[in-house]
Amino acid sequence: MQIMATQNSKSNIFWSSSASVVLVLLLLVDVGVCQNCGCNGLCCSQYGYCGSGEAYCGAGCKEGPCSSSSPPSTGTGVGSIVSSDVFNSIVGGAASGCAGNGFYTYDSFISAANAFNGFGTSGSSDVNKREIAAFFANAAHETGGFCYIEEQNPTSIYCDASNTQYPCASGKTYHGRGPLQLSWNYNYGAAGSYIQFDGLNNPEIVGTDSTISFKTAVWFWMVNSNCHTAITSGQGFGATIRAINSMECDGGNAATVASRVNYYQKFCQQLNVDTGSNLQC
């Protein structure tokens, strides 16, 4: 026997379907509150939404604690500016006996760079090249030309006991590690929360995992300081020095400022871009 829908049942079906569509749209709006990303501790999906899980952190993930196992893209984004040859010319000067020799790899850098939306990709070609040169210049200075992974002969465990949000773990030290020498428990804790590693209980991973090491440096550059804004808004390389170590500026340590500037000029030349103005701080 054929069942015929009555007018009322058709109406009910219509309103039920409409309600379902509205509900789905509301859910999408709720998920998309952080559209275009920048949400602390979450992944930015390939469609520009913040969240967690494979749909957000998997293939196409743009920034945050991405888990995609896909090989890093080297033809677009930062990879189109920094080829493996250019990268090796920048970091390859470390002597064979240096701990950093072989640690700072191209694939790790590209993976870290691609995890942060806008890093080296948010401006004109010249602006993007200057940002990459500025990042590497400060990293080269901090690591002795990429010779070191960890701070040499630290005189402190860099534990701020007054910081209750990121309390120090017993027996752990939070001395400088990685390209920008991540230091202090509160920075390890915050970076770990954003990138998703245990920065407080396992700070050593910043000195043993090349990708995480680079990610902490790009995190500091993009999230924890105004380095990215400074170099992309025309404030000049000197503003990145002030953001990283303001004590060097205004005559505080002319030699270290000169070291950073020399690296910056060298890397700008390698990337075929002028340095811009305001190199000192």
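Cβ atoms here come from the backbone N, Cα and C positions, even for glycine.
Annotated features in Swiss-Prot:
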- 1-34: signal peptide (SIGNAL)
- Cys34-Cys44: disulfide bond (DISULFID)
- 35-68: domain 'Chitin-binding type-1' (DOMAIN)
- Cys37-Cys50: disulfide bond (DISULFID)
- Cys43-Cys57: disulfide bond (DISULFID)
- Cys61-Cys66: disulfide bond (DISULFID)
- Cys98-Cys147: disulfide bond (DISULFID)
- Glu142: active site, proton donor (ACT_SITE)
- Cys159-Cys168: disulfide bond (DISULFID)
- Cys249-Cys281: disulfide bond (DISULFID)
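Residues within less than 8 Å, Cβ to Cβ, of Cys147 (disulfide bond) and separated from it by at least 6 positions along the same chain comprise Ala94, Ala95, Cys98, Ala99, Gly100, Asn101.
Put simply, Cys44 is the one of the disulfide-bonded residues Cys44, Cys168, Cys281 whose Cα lies nearest to the Cα of Cys50 (disulfide bond). Sorting the disulfide-bonded residues Cys44, Cys57, Cys281 by the number of other Cβ atoms within 10 Å puts Cys44 first. Between the CA atoms of Cys249 (disulfide bond) and Glu142 (active site, proton donor) there is a gap of 16 Å.
Only Cys66, of the disulfide-bonded residues Cys66, Cys159, Cys168, Cys281, have a C-alpha within 10 angstroms of the C-alpha of Cys43 (disulfide bond).
Between Cys159 (disulfide bond) and the residue listed as 'active site, proton donor', the C-alpha separation comes to 20 Å. Less than 8 angstroms from the CB of the residue listed as 'active site, proton donor' sit Gly176, Pro179, Leu180, Gln181, Ile244, each of them six or more residues away in the same chain. A gap of 4 Å separates the Cα atoms of Cys57 (disulfide bond) and Cys66 (disulfide bond). Take the Cα of Cys61 (disulfide bond) and measure to each of the disulfide-bonded residues Cys44, Cys168, Cys281: the nearest one is Cys44. All protein chains shown were included, and the count of other CB atoms within 10 Å of the CB of Cys249 (disulfide bond) stands at 18. Checked against Cys44 (disulfide bond) by C-alpha proximity, the disulfide-bonded residues Cys66, Cys168, Cys281 yield Cys66 as the nearest.
Residues within less than 8 Å, Cβ to Cβ, of Cys168 (disulfide bond) and separated from it by at least 6 positions along the same chain comprise Ile157, Cys159, Asp160, Ala161, Tyr174, Asn185, Leu200.
In the predicted model, the domain 'Chitin-binding type-1' (35-68) shows an average pLDDT of 68. Here the disulfide-bonded residues are Cys43, Cys50, Cys61, Cys66, Cys98; the one with the fewest Cβ atoms within 10 Å of its Cβ is Cys98.
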